[in-house]
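Accompanying notes for the structure given below.
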Amino acid sequence: LPGPMSVRRWTTKHVAKWLKDEGFCDYVDLLCNRHRLDGTSLLALSEYDLRSPPLELKVLGDIKRLMVSIRKLQKQNLDVLEELGLPFDGHSPTGPGLEWLCNGEGVRDCDSTDTAPVGEEYHTNQYTNGKYKSAPRRLDPEYWKTALSSIYVVFVFGFTSFVMVIVHERVPDMRTYPPLPDIFLDSVPRIPWAFAMAEACGVILCNIWVLVLLLHKHRSILLRRLCSLMGTVFMLRCVTMFVTSLSVPGQHLQCSSKMYGDMWAKLQRAVAIWSGFGMTLTGVHTCGDYMFSGHTVVITMLNFFVTEYTPRNWHFLHTLSWVLNLFGIFFILAAHEHYSIDVFIAFYITTRLFLYYHTLANTRAYQQSRRARIWFPMFSFFESNVNGPVPNEYCWPLSRPTIMRRLIG
């Protein structure tokens, strides 16, 4: 058997003898005969290779003992590893250690998703409680794309405000077109303060999301996704509420078609709606924009982003987010500000678009396809350089405050 310095020249027979000497006779046929493992591939072998197809070793003790033997062999052949470009940190057979720089400061053990890696950019190097743990990878923030998505959503919100002015002028006369039959509105008495509570739920969710966004390492990608999704849903809302004008859902609204005169007056009203975020808490009152509920869209979208981009074991935050979402929807209906179908369609469209977008974003094979570029051009543009799921890693947005550095090191 060649000496340790000649492992690179080992053949499958040498590897077979090494396995027998180390006490792994049961795996000689699998590793050497069926998969032709030589000296170079033996040095590059990782625990992930042993656990995943095509090897799929099932005995945990054998996996751990074999990795101990391989690491000893790697340690004896550091020069060969360096020559082959295979790093060795003494703990993990592949990939760098867990430390990386974030805003100029060393960060260790950042939270990551428990999702198995998608795409070749992800290198899984160890297991924790039977789950995948992914080594950090470089994701380009592409701030210019985030700026474009922000401009897009601001434009859509402004356009939505203008369409709401046009819709208000076309609202059906309440004396001629009374409220439509609605099982929920007919069964549940109106609660006057409910709509303010719905907006309060939205404000709380927004504050939670802003905090998550600021602390997330990949905040630029998250903000870009939120802007693109929110802008697309509200652009669709512009079409639906302009095409179909529903009668006012409740007599308490006292809505009537209101003419704003010339174009300048319409633009001033649209700016007032836009600057007040379309919320009654800021003094904005509109009529006719029923199909579908914008408040439901915002509350639901914020809930899904909060739960998607925080660790799965943050159960309290996820429960709180869902409670705010569901109570917000209930308060919208209890205030008799929207028909039930408005809220249902808003929830369905928002959740489907969110899930479809993230399914496509996490499926690297589809991102570069011609079909995606044709049917989802904005998605293909924004997600072209994001390969696989975005890991939930956190760091300070700027330099870590001195007082926090003293507290947590």
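Backbone N, Cα and C atoms are what each Cβ position is placed from, and that goes for glycine too.
Curation does not apply to TrEMBL; its annotations are automatic.
Feature annotations, reproduced from TrEMBL:
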type	residues	note
DOMAIN	10-76	domain 'SAM'
TRANSMEM	147-171	transmembrane segment
TRANSMEM	191-214	transmembrane segment
TRANSMEM	226-248	transmembrane segment
TRANSMEM	316-335	transmembrane segment
TRANSMEM	341-361	transmembrane segment
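Secondary structure of the domain 'SAM' (10-76) per DSSP, as helix, strand and coil residue counts: 48 helix, 0 strand, 19 coil. The stretch in 147-171, 191-214, 316-335, 341-361 that contributes the largest number of Cβ pairs under 8 Å to the transmembrane segment (226-248) is 147-171. Here the transmembrane segment (316-335) has long-range neighbours at 184-185, 188, 190-192, 194-195, 197-198, 201-202, 204-205, 208, 293, 295-296, 299-300, 302-303, 306-307, 310, 343, 347, meaning same-chain residues at least 6 beyond its ends whose C-beta is under 8 angstroms from one of its own. In the predicted model, the domain 'SAM' (10-76) has a mean pLDDT of 89.
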